[in-house]
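Engineer: Could you have a look at this structure, given as structure tokens, before my questions?
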Amino acid sequence: MSDISKASLPKAIFLMGPTASGKTALAIELRKILPVELISVDSALIYKGMDIGTAKPNAEELLAAPHRLLDIRDPSQAYSAADFRRDALAEMADITAAGRIPLLVGGTMLYFKALLEGLSPLPSADPEVRARIEQQAAEQGWESLHRQLQEIDPVAAARIHPNDPQRLSRALEVFFISGKTLTELTQTSGDALPYQVHQFAIAPASRELLHQRIEQRFHQMLASGFEAEVRALFARGDLHTDLPSIRCVGYRQMWSYLEGEISYDEMVYRGVCATRQLAKRQITWLRGWEGVHWLDSEKPEQARDEVLQVVGAIAG
């Protein structure tokens, strides 16, 4: 698309970043200054009753800056990147029609990618193929399947952890059904986003700082009643660790503790480690992201001013 035709498109802002990087605080600050409406881009914040462990904006923050696409699913329900793209496009159109600018904030990079580039033509799930993969995993272990994926699709294998059976089996399933790798197919994009997008990523300057913030926030969640929140979900009786909601970072580890599989201290250790691993994956995505303007979490006023400098011209 030419620069002239791109300039005629409606405007949008992406505010991306790893967990615990200060995205929400910056988005709320920007809403006070710019004519923006916030849309959450987070695969955990969609779930009702999952507030503490997801660091969902609190009532005061939501009063100051309402977020769209929060609390739109029960934890028993699935929600795909395709669902997100459909819902986000509808919200963006609504915001644009009101003469305001959509500000999409979150850390689910797959959602941002699906929105920006469109969805690739991946084959639908095949229960027979999936059952065959799971049978092989039961006999040989997921490590063996991960080695198989390394031979078939080394790019996907580098991105998918051997302990992530859902994504691992999906990558193999796609290849067995289509004869093409997940990497090949995901490079075939769908409809591009019909907006002129200003993209920002916020993160601390050092990994050590991010690790500290993650550990502090996990302990704050525990002090705020995270265990009681997960106990309420656990007591429902219809939720389990095969659901995307309960596989969310922190929830999965607390669930293992409630089931008596691990000690409290082990749960805390694993929860912090899993959150750090999530942040590492998010940063890896962002480092390969084109056209992104980096902001420093430790300098919030400077970060705000940099956004205003870049997008100030579009706010009129």
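Each Cβ is built from the backbone N, Cα and C atoms, and glycine gets one as well.
According to Swiss-Prot, the record shows the following:
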type: BINDING; residues: Gly17, Pro18, Thr19, Ala20, Ser21, Gly22, Lys23, Thr24; note: ATP binding site
type: BINDING; residues: Thr19, Ala20, Ser21, Gly22, Lys23, Thr24; note: substrate binding site
type: REGION; residues: 42-45; note: region 'Interaction with substrate tRNA'
type: REGION; residues: 166-170; note: region 'Interaction with substrate tRNA'
type: REGION; residues: 247-252; note: region 'Interaction with substrate tRNA'
type: REGION; residues: 280-287; note: region 'Interaction with substrate tRNA'
type: SITE; residues: Thr108; note: site 'Interaction with substrate tRNA'
type: SITE; residues: Arg130; note: site 'Interaction with substrate tRNA'
Engineer: Looking at the recorded positions Gly17, Ala20, Lys23, Thr24, Arg130, which one has the fewest other Cβ atoms within 10 Å of its own Cβ?
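Structural biologist: Output over recorded positions Gly17, Ala20, Lys23, Thr24, Arg130: least Cβ neighbours within 10 Å is Arg130.
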Engineer: Measuring C-alpha to C-alpha, could you say which of the binding-site residues Gly17, Pro18, Ala20, Ser21, Lys23 are within 10 Å of Thr108 (site 'Interaction with substrate tRNA')?
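Structural biologist: Checking each Cα against Thr108 (site 'Interaction with substrate tRNA'), the hits are Gly17, Pro18.
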Engineer: If you count Cβ atoms within 10 Å of the Cβ of Pro18 (ATP binding site), leaving out that atom itself, what do you get?
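Structural biologist: Result for Pro18 (ATP binding site): 28 other Cβ atoms within 10 Å.
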Engineer: May I have the DSSP-based helix, strand and coil counts for the residues of the region 'Interaction with substrate tRNA' (247-252)?
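Structural biologist: Summed over the region 'Interaction with substrate tRNA' (247-252), the classes give 2 helix, 0 strand, 4 coil.
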Engineer: Determine the Cβ neighbour count for Thr19 (ATP binding site): the number of other Cβ atoms within 10 Å of its Cβ.
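Structural biologist: Thr19 (ATP binding site) is surrounded by 23 other Cβ atoms within 10 Å.
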Engineer: Sorry to bug you, but what's the C-alpha spacing from Arg130 (site 'Interaction with substrate tRNA') to Gly22 (ATP binding site), rounded to the closest Å?
Structural biologist: 39
Engineer: Which one of these recorded positions, Ser21, Thr108, has the sparsest Cβ neighbourhood, judged by other Cβ atoms within 10 angstroms?
Structural biologist: Thr108
Engineer: Over the region 'Interaction with substrate tRNA' (166-170), what is the model's mean pLDDT?
Structural biologist: 92
Engineer: Are there residues at least 6 beyond the ends of the region 'Interaction with substrate tRNA' (280-287) whose Cβ is under 8 Å from a Cβ of it, and what are they?
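Structural biologist: Same-chain contacts beyond the flanks: 16-19, 107, 109, 113, 159, 201, 203.
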Engineer: For ATP, what surrounds Gly17, Pro18, Thr19, Ala20, Ser21, Gly22, Lys23, Thr24 with a Cβ no more than 8 Å from their Cβ centroid?
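Structural biologist: Leaving out the recorded residues gives Gly107, Ile202, Ala203, Ser297.
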Engineer: Specify all same-chain residues, apart from the site residues Thr19, Ala20, Ser21, Gly22, Lys23, Thr24, whose Cβ lies within 8 angstroms of the center of the Cβ atoms of the substrate site, ordered by sequence.
Structural biologist: Gly17, Pro18, Ala25, Ala55, Gly107, Ile202, Arg213, Ser297
Engineer: By DSSP, how many residues in the region 'Interaction with substrate tRNA' (42-45) are helix, how many strand, and how many coil?
Structural biologist: 0 helix, 0 strand, 4 coil
Engineer: Quick one: give me the count of other CB atoms within 10 A of the CB of Gly22 (ATP binding site).
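Structural biologist: That number is 19.
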Engineer: Which residue counts does DSSP yield for the region 'Interaction with substrate tRNA' (280-287) in the helix, strand and coil classes, in that order?
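Structural biologist: Its residues divide into 8 helix, 0 strand, 0 coil.
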